[in-house]
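Report on the following structure.
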């Protein structure tokens, strides 16, 4: 917006959301590391998800805040490429991590007796490192192919960050290769993980329906409820961005969907997990009490 009053409101809103996102995700990481009761695959993966959410938000929002504060909407070409790369890396990593977490729930519900042997620390670490490797290498072609493009005199991106699709639209040269790379990466890094999540939950729901007691069904559903809500938010808002941009390119609805995708979802993830998980709430309470004690000693 060019309205100074609205810019001040947006700056305050984005800054507060960003600080809340970083703080609550850091608390989740500290809670899972400091509490020995949380040294389990589910909480290890949750701490990695919190780290990814911080990176995902930090790839776009600090630059947007700086642009509002300095009244300058300029970004260098190298800065734009870097922003695209890290945004795609953390977005892909979230895809992969949600798939790994779905598999963790699948093993817990469908093969509870073999859970400890299957989801051992070594296997969890290998899956996490593998997902990072796929995300880091898989995101390179999408950002690097932009280097082959030449751009017109109009280089104004109708977005609050360097969105890959919006940058490609500004090119004067042929974008066929770029589109092929983008759609191929979307299938490999987006559709395949989603297929894995859908398959895992189809098996989970099938196993839950075979449980005779109502209490057993409720316990199984509660185990997967938080993760399923996070998956729905992430993919729902992500699809909203691309559907809204396809229906009405560069519209305000597309920008609002992007805010949901890049800011609101990472901010809500810790609330969803911590409010629905007793162990996380207890661990967070311990971390906060230690922080309060240290702060009181420093002022004493």
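FYI, residue positions are counted from 1 along the chain as it appears here.
In case you wondered, yes, glycine gets a Cβ from its N, Cα and C as well.
Note that TrEMBL annotation is computational and uncurated.
Per TrEMBL, the features are as follows:
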- 6-30: transmembrane segment (TRANSMEM)
- 24-273: domain 'G-protein coupled receptors family 1 profile' (DOMAIN)
- 42-62: transmembrane segment (TRANSMEM)
- 74-92: transmembrane segment (TRANSMEM)
- 180-199: transmembrane segment (TRANSMEM)
- 220-243: transmembrane segment (TRANSMEM)
- 255-275: transmembrane segment (TRANSMEM)
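Across the candidate stretches 6-30, 74-92, 255-275, the maximum count of CB pairs under 8 A to the transmembrane segment (42-62) is reached by 6-30.
Along the domain 'G-protein coupled receptors family 1 profile' (24-273), the predicted structure has mean pLDDT 83.
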